[in-house]
Amino acid sequence: MEKYILSIDQGTTSTRVIVFNKDGEIKGVSQREFTQHFPKAGWVEHDANEIWSTVLSCFASVLTESNIRPDQIAGIGITNQRETAVVWDKNTERPIYNAIVWQSRQTQEICNDLKDKGLEDEFREKTGLLLDPYFSGTKVKWILDNVEGAREKAENGDLLFGTIDSWLVWKLSGCKEHVTDYSNASRTLMYNIHELKWDEQLLEYLTVPASMLPEVRPSSEVYGKTANHHFFGHQIPIAGIAGDQQAALFGQACFESGEAKNTYGTGCFMLMNTGEKAVKSENGLLTTLAYGIDGKVNYALEGSIFVAGSAIQWLRDGMRMIQSAPQSEEYATNVTDADGVYVVPAFVGLGTPYWDSEARGAVFGLTRGTQKEHFIRATLESLAYQTRDVLDAMEKDSKIEVKTLRVDGGAVKNDFLMQFQSDILDVPVERPEINETTALGAAYLAGLAVGYWKSKDEIRNRWNLEKQFDPKMDETKREDLYKGWQTAVKATQVFKK
C-alpha cells in the first residue's frame, strides 16, 4: 500500500492541504480562503475557529479528490503564517478574541512603551528580533489587557497561547497537545534563542504568565496523534512543524551554512542558513531559529521586504497598467531598460535593512520619453534591487559569500525578473521544479520524523532544478543601476508622509 505525507499550509489569506508522495510530487491539493477582519485602520484579525474549519474542509476534499484513504497517510506536517497570535480558554476550548495577525499594527503603543523604558536592546539580544508589532509577544499582552476577565483567567491558568501551529496541533490532537517548534517560538519576542527557553524576564516585561505558553519542541518529531474523530478512527502522527519561511528554507534543501532562499510572495522573505551559530546582525536583519532536528538547532538570518508581488497587483488593480500579472513580463521585455526610472514601492514603509515605517512609495527619473513599459519594468526591477539590499546585508553580517540563490513563490514564474535578479546580484538564481517549497518543507520534516524519508541527504537529492539564471550583466552597468536605486531610496526617505 502506497503511503503519503499530508501537509497543512496555513497562510495569511487561505489554508491549503497538500498531499505529497515519496518523490516529493503533489498528489492532491485543496484550498479554502477565510475572512480578513479589519476592526480599525491598521488592525488585521482572523477568526481562529474559522481557520480550523478550513483545515477540516481541506482534509475532507483533498482525500476524496485524490482517492487516498486516511490509513495511507504516514504523517502530518504543519507550516503556518508566523507571529499571528491566538489566545484560547482551555476549558471552553474556544478563543477569547480573534487571532491578531502578523500584519496588524494595533500593539504599536505597547512597543513604544517598552522602547521608552530602554528595553529594546535586551529584547534584541535575547530574541534576535526588533520591538515591533509584527511579533507575537505584544499581541498576547494586548489581548490580556483588553479582553474583559482575560488577565484573571490567565493568572488562574485557564488560558493558553499559541501561534497558529500550536492552535492546530491542539485541535488535531483532541485538545491534548500544547506544543510549538523552535522556528515559531523564535518569532514571539518571548523566547531566548540562545538558551532555547522561554525567557522569564521578557515575560515579566510583557506581563504574560508562563503557564499560557506551549512546550517548545524540535521541528521534526512526533508531537502526538490525531484524535479518533478526525480521520474515521485512524490516528495519524502529527510529526513536523515550521513557520512558513523556515519551512521554505527546509523545502529548498538549504541545510548548510551560507545556503539561502528568497520567497517572492506578497512580500519577499529571504533566509540564509547560518548553521549552529546565531549571527547577530549589524545591518538590519533578524536573527532567528531555522529549525531543530537530529538533536541540534540551525539558525538563520532573515530579511523582510514588505512589498513584492503586491507591487505587481498594484500595477494591475491600482494603476491599471496591466490586466494580469504575467503581462508585466511581456511589457518589461518590450523595452531594453527602464530608461532611468526607479519605482520605490514603500507603500507600507521600508523593511530590511532600512526599517523605516514612515517612508512612502515614490517614482524617480520620469521624462517626456517615459512610457508605460518603462514604469512596469522599473516596478519589477524594484523587487530585485530590494533583494540585493538584503543579500548585501547578509554577506556583511555572516562574512559568507552567497554562491547561489534558490527562489520560490508566485513571482518566480517571471523569467525577466529572475534574470534581472541574477544580473543585479551577480549570483546564479535557481528555480526548482516544485514551487510549493513551503508545504514541501513541512512534509519533509514530518516524513523524517516517521521514517518516511531517511535523511536530509535523501531530501537534498530529491531537489530538482527547473531553470538556472546566470548573471549576464557587466559589473559597471550593474553597479551603476544599483547606485541609482540607492539614491532613489534615500530620496524616498526624505519625503515623509
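The backbone N, Cα and C atoms fix where each Cβ goes, glycine too.
The annotation in Swiss-Prot ties THR12, ARG82, GLU83, ASP244 to sn-glycerol 3-phosphate, and of the candidates under consideration, TYR134, TYR191, TYR291, TYR299, the one tied to the same site is TYR134. For the recorded positions ARG16, ARG82, HIS230, the ranking by surrounding Cβ atoms (within 10 Å, all protein chains) places ARG82 first. Looking only at Cα atoms, HIS230 (phosphohistidine) sits nearest to ARG16 among the binding-site residues ARG16, GLU83, GLN245, GLN313. In this record, glycerol is bound by ARG82, GLU83, TYR134, ASP244, GLN245; the longest C-alpha to C-alpha distance in that set is 15 Å. When Cα-Cα distances from GLY309 (ATP binding site) are compared across the binding-site residues ARG82, TYR134, ASP244, GLN245, ASN414, the shortest belongs to ASN414. A C-beta separation below 8 Å, combined with a sequence spacing of at least six in one chain, links THR13 (ATP binding site) to GLU33, PHE34, GLN36. Distances between the Cα of TYR134 (sn-glycerol 3-phosphate binding site) and those of the binding-site residues THR12, ARG16, GLN313 are shortest for THR12.
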